[in-house]
Amino acid sequence: DGRCCHPACAKHFNC
């Protein structure tokens, strides 16, 4: 899955 926990990925923020 596409996880992203840093502010640059706010549009698809997923932790």
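Even glycines carry a Cβ here, placed using N, Cα and C.
Source: prediction; values computed, not measured.
Feature annotation from Swiss-Prot assigns disulfide bond to Cys4-Cys9 (among others). In this view, Cys9 (disulfide bond) is surrounded by 13 other Cβ atoms within 10 Å of its Cβ, with every protein chain counted. In the three-state DSSP scheme, Cys9 (disulfide bond) is classed as helix.
Annotation comment: Swiss-Prot describes Cys5-Cys15 (among others) as disulfide bond.
For Cys15, the entry in Swiss-Prot reads cysteine amide. In the three-state DSSP scheme, Cys15 (disulfide bond) is classed as coil.
Among the listed disulfide-bonded residues, namely Cys4, Cys5, Cys15, the Cβ with the most fellow Cβ atoms inside 10 Å is that of Cys4.
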